[in-house]
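Engineer: Handing you this structure, nothing more for now.
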């Protein structure tokens, strides 16, 4: 098993890159397929470890899955209510099966989730939502169990616009009696994609993409065909790669509205970004400017792009401040970037980055998915050779990242 990336200073990236289907869209959509009584066909499924885990998880419940060349066929006949630790420990998104199983069978038992080590990321908002709908929740021996004879629509206010909680409650509510209203709901494009898929199956959901989502309960959901939206974080990552290396790259299969905040920040740096028929063209500039960033829930600047932008800021002209408001403990890439010569100071949830002349290659490790991506980007511009360990994190969220970069002229390979 090749466990590290070796990256050498690369020429400006040039060419075209096609963005894969969105990981953060496909995981809840696969979970939602458990609600259907007929066959579901999903297209543009990214070939990722997290997706394989989610497929294994729904197979555990009795789903029949056939994945071929990005097309996933799912037939559901739920035989079990329990999701075991072996599967759930691999990623947090496993918990998204709780809403559908509870809605379909009135009983779900899911192991407490694992996944990326980013701060607390509690599931309490999910559980409060299920309780509001009438479920009894018990927690013990590492499992969460939910039971309900019948779920009933309610008004649910989320203390924080959590994406996972919004999705899980939305799925749990599709069969509930009456109307469920989620207030302070997350507005991410992935929520809209999930709602569109549920509606294709026969759900009655309005307001996805706003802070108030209204779900009118229905009796059953039928089969549907759906193409997953492109991955806005992968798109953003390749936009930054093109910008940092002074390249000229066409990003294909991107929904421009989904990356507006990234476009705004890169443009502020001096990068030239234009919409073309095939997608977005990103042209880097020499001596780009430092910019300040504050991560926020969508449509604000995504926390999932914070590490990549920090890598870019390490050699920008001037000083930038990055404030992380979404997740705690999300500066784990800082110590690794410092090993490469970056000048970064951390104070609480703020990072101050003073641009240096150049980074130097070093041996570093990916501590999580986006940290790994940031180190790959830093390696592209660092003098000499960078070795990035623990790249299994990167494989959880990027389809063949090194192959896509190599096709643009990057010097990167697995070892």
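Including glycine, each Cβ sits where the backbone N, Cα and C put it.
Pasting the relevant annotations from Swiss-Prot:
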type: BINDING; residues: 23, 24; note: phosphoenolpyruvate binding site
type: BINDING; residues: 92, 121, 122, 123, 124, 125, 304, 326; note: UDP-N-acetyl-alpha-D-glucosamine binding site
type: MOD_RES; residues: 116; note: 2-(S-cysteinyl)pyruvic acid O-phosphothioketal
type: ACT_SITE; residues: 116; note: active site, proton donor
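Situate these features within the shown structure.
Structural biologist: Taking the Cβ of residue 23 (phosphoenolpyruvate binding site) as reference, residues of its chain lying under 8 Å away and at least six apart in sequence are, in sequence order, 46, 48, 50, 51, 231, 233, 396, 397.
Non-local contacts of residue 125 (UDP-N-acetyl-alpha-D-glucosamine binding site) by the CB criterion (under 8 A, 6+ apart in sequence, same chain) comprise 158, 159, 160, 162, 164, 165.
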Engineer: I'd like to know which of these binding-site residues, 124, 304, is least surrounded, judged by other CB atoms within 10 A.
Structural biologist: 124
Engineer: Where does residue 123 (UDP-N-acetyl-alpha-D-glucosamine binding site) sit by DSSP, helix, strand or coil?
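Structural biologist: Assignment for residue 123 (UDP-N-acetyl-alpha-D-glucosamine binding site) reads coil.
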Engineer: Rounded to a whole number, how many Å is the Cα of residue 122 (UDP-N-acetyl-alpha-D-glucosamine binding site) away from the Cα of residue 24 (phosphoenolpyruvate binding site)?
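Structural biologist: Between the Cα atoms of residue 122 (UDP-N-acetyl-alpha-D-glucosamine binding site) and residue 24 (phosphoenolpyruvate binding site), the distance comes to 17 Å.
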Engineer: Could you round the CA separation between residue 24 (phosphoenolpyruvate binding site) and residue 92 (UDP-N-acetyl-alpha-D-glucosamine binding site) to a whole angstrom and send it over?
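Structural biologist: It is 11 Å, counting Cα to Cα.
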